[in-house]
Amino acid sequence: MRLALLWALGLLGAGSPRPSPPLPNIGGTEEEQQASPERTLSGSMESRVVQDSPPMSLADVLQTGLPEALRISLELDSESHVLELLQNRDLIPGRPTLVWYQPDGTRMVSEGYSLENCCYRGRVQGHPSSWVSLCACSGIRGLIVLSPERGYTLELGPGDLQRPVISRIQDHLLLGHTCAPSWHASVPTRAGPDLLLEQHHAHRLKRDVVTETKIVELVIVADNSEVRKYPDFQQLLNRTLEAALLLDTFFQPLNVRVALVGLEAWTQHNLIEMSSNPAVLLDNFLRWRRTDLLPRLPHDSAQLVTVTSFSGPMVGMAIQNSICSPDFSGGVNMDHSTSILGVASSIAHELGHSLGLDHDSPGHSCPCPGPAPAKSCIMEASTDFLPGLNFSNCSRQALEKALLEGMGSCLFERQPSLAPMSSLCGNMFVDPGEQCDCGFPDECTDPCCDHFTCQLRPGAQCASDGPCCQNCKLHPAGWLCRPPTDDCDLPEFCPGDSSQCPSDIRLGDGEPCASGEAVCMHGRCASYARQCQSLWGPGAQPAAPLCLQTANTRGNAFGSCGRSPGGSYMPCAPRDVMCGQLQCQWGRSQPLLGSVQDRLSEVLEANGTQLNCSWVDLDLGNDVAQPLLALPGTACGPGLVCIGHRCQPVDLLGAQECRRKCHGHGVCDSSGHCRCEEGWAPPDCMTQLKATSSLTTGLLLSLLLLLVLVLLGASYWHRARLHQRLCQLKGSSCQYRAPQSCPPERPGPPQRAQQMTGTKQASVVSFPVPPSRPLPPNPVPKKLQAALADRSNPPTRPLPADPVVRRPKSQGPTKPPPPRKPLPANPQGQHPPGDLPGPGDGSLPLVVPSRPAPPPPAASSLYL
């Protein structure tokens, strides 16, 4: 096999090497520095890089810095392949903390150590399922996987860094090595397919934590034996980087990224008591992590790597379902292989236990890709053949179940110190200056992101990699992006200016949950009933108190308060029995985690009543350091909870002290801040909000609008009656607008009327009169006027109180003014004498016509 590095693209990172602090020189023997290969060599290669100049050796390229993008052509089994690589910026997202010790024991801390990022990730052109993980720190080392059935390792050649050795993965046999999950296993995380699907759909309605990217902040600790095996400190750093790179590659398909935030090397002596018993070593390491490492270097998981051989076939041990726990999130691993692939696979296995992954079931229920009879799944209980490269579907389902049950809240947080130092488009992480990053062109599926520029496409507001973005548009501020999963979880809402959901915030330790059956611890609500259901399925409940107490006070495989560092079972004190092994009844016949090793039944008598008790011995694997014990925070009595597997007062968790600053109107979250009740203002919940809520305001406005509409409708329905009532209230002023069918009562026809002619057109009256009643049909004939002249005026009633223009009374006989035009001849009398008006001295009585009167004539026309 022959490899040639043809050209490098995007030399954004090329330049002078970054300055680094002086590293310790440990020294060592030649035997310690040289290790014989454990596989059959398949060939060698000479690495050369061609840029814009003639070909250069890799060593010459490293003198000026590493390119951020590489394109490599190589031959594998006489076939030409092209690798497309980018620096893995997620591996070292910031400047990690490097710790070592001087001969006098002084701790040397280099925060923000300028560790050269010499590791790359990528894929092989033309192979969609391929992946590549290479480091070029000093020579080329790494892994090339074309398919689940075909993969190659690249190792350093003996004595020549420029001639890496290629071998097939199938040649890396790790005979007799097994894993040992720790005895401290907490909550079962694997379920049968039927139950898992039922729970899956129920939980997906609440929260989708599976598609969100999780980040494990990792610290690797090298003990003194590991330091002496690699006395060149830079070589130790390179090996650590290579292991972390493979870890990140293994977990990436699960949407979990591994970020190396620190490396501690015990350069002078070990800081804990070492032991070949992995359980004892794990207990010592976790105690040191909790009291020494964690306070000065925040992280999510710590892994100890040692050359010390473990007793038996085990190569590692960890705590089941312990991620984010300050007490149990860690593991111990034996550096059992010269190949970094074997060590990285072992660390990935133990880290998987911390994430809630159980061993893969034997047989075909959890098939692993790879050629028979080799096994290539990371969570296989035994690595009798080759190191695992992938996680099975069972592991995927177990991780999803653990996340949906509230595990791993710390994985959704990203510390500001982890911000990348520069931008690199295509690394699937949004670096400074980028708006999005969907990876390589052939793997980018985001319609909102331009994979060539890592900028949003025109019209897009966000990239679809976050829950706060839909169809390239941002959800508004306040949109629920992460609903709570249990009583200890708090909802998160979109900020309105980002596609990412804020960090997962949960209730603080000691806050009550599950109706008082437990308190929140490390963001989880662990009631005894829920723990039984997680182990034995729906319907499972805590065992009877007598059965529980009897089993856990005996101190054997069926009941105890855990194992001592020496491996023996410890009986529980009567006060602590609720904090020991889980004792359940009912549910399924087979557990969802592990397998039943043995069963024991016994009839107990209490107060004259016989009680049938049944206990089981669960086999969780050799790498599980403790039996299934009750989770911290489980209620064990009034005001008492399990802390450190002992029943202690809940006040020790400090919830009351934290709650005081919320002044009785809120609770504390995991960040130590008050979450105020509705109607109270943060940050201390002292001020009561007086403003009416928007919902109340909207309801009031709606009711007011409805009332207005009802009034308008009633007014329209009764409009006729209302009009009549208004006329009555106004009196006579309304009569001129009243309909003709209802005229106001008027006096009878007057005895005198205005003399008018009988033409076709209406004549002009001598003075304005208001319209009231019809005019007389015919004027009075002149020959009758003399007979009526001496008749007295008839009595009249007063007119309505309307303004009427009247003429002043004349002193002479009343006579209508002559018209402008000559009047026609008087018609023959057609009216009876009684209907004619008589003469008089006064004013003529007003006669109201039936039609509107014409406008009054000008004053000059009234008299001729």
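If you go along the chain as it appears here, the first residue is 1 and each next one adds 1.
The backbone N, Cα and C atoms fix where each Cβ goes, glycine too.
The active site annotation in Swiss-Prot covers E350. Taken from Swiss-Prot, the feature disulfide bond applies to C324-C410, C366-C394, C368-C377, C481-C501, C658-C668, C662-C674, C676-C685, supported by similarity to another entry. As annotated by Swiss-Prot, domain 'EGF-like' applies to 658-686, with the evidence given as sequence analysis. Swiss-Prot lists N238, N390, N393, N607, N612 with the feature N-linked glycosylation site. The feature phosphotyrosine is assigned by Swiss-Prot to Y716, Y736. Per Swiss-Prot, region 'Disordered' is recorded for 18-45, 736-864. Among the features that Swiss-Prot reports, motif 'Cysteine switch' is placed at 177-184.
Within 10 Å of C658 (disulfide bond), counting CA to CA, the glycosylation sites N390, N607, N612 contribute nothing. Broken down with DSSP, the domain 'EGF-like' (658-686) shows 3 helix, 9 strand, 17 coil.
Its own atom aside, the Cβ of Y716 (phosphotyrosine) has 9 Cβ atoms within 10 angstroms in the protein chains shown. Considering only the recorded positions N612, C674, C676, C685, Y716, C410 (disulfide bond) has C674 as its nearest partner by CA-CA distance. Of all the glycosylation sites listed here (N390, N393, N607), the one with the fewest other CB atoms within 10 A of its own CB is N607. Sequence-distant neighbours of C481 (disulfide bond) (same chain, six or more apart, CB under 8 Å from its CB) are P467, C468, H475, E492, F493, C494, C501, P502, listed in sequence order.
For the pair C324 (disulfide bond) and the residue listed as 'active site', the C-alpha distance works out to 14 angstrom. Between the CA atoms of N390 (N-linked glycosylation site) and C377 (disulfide bond) there is a gap of 5 Å, rounded to the nearest whole number.
Using a 10 Å radius centred on the Cβ of C394 (disulfide bond) and all shown protein chains, the other Cβ atoms total 23. Within 10 Å of the Cα of N612 (N-linked glycosylation site), not one of the recorded positions from the list E350, C394, C685, Y716 places its own Cα.
For the glycosylation sites N238, N612, counting C-beta atoms within 10 A of each C-beta gives the highest total at N238.
All protein chains included, C658 (disulfide bond) registers 19 other Cβ atoms within 10 Å of its own Cβ. Cα of C668 (disulfide bond) to Cα of C676 (disulfide bond): a span of 9 Å. Closest to C662 (disulfide bond) in space, going by CA atoms and restricting to the recorded positions E350, C377, N393, Y716, is E350. Around C685 (disulfide bond), the same-chain residues at least 6 positions away in sequence with a Cβ under 8 Å from its Cβ are C662, H663, G664, H665, G666, C674, C676, E677. Distance noted between the C-alpha atoms of N238 (N-linked glycosylation site) and the residue listed as 'active site' is 21 Å. Over all protein chains present, the Cβ of C662 (disulfide bond) has 21 other Cβ atoms lying within 10 Å.
Here C368 (disulfide bond) is positioned 55 angstrom away from N607 (N-linked glycosylation site), judged by their C-alpha atoms.
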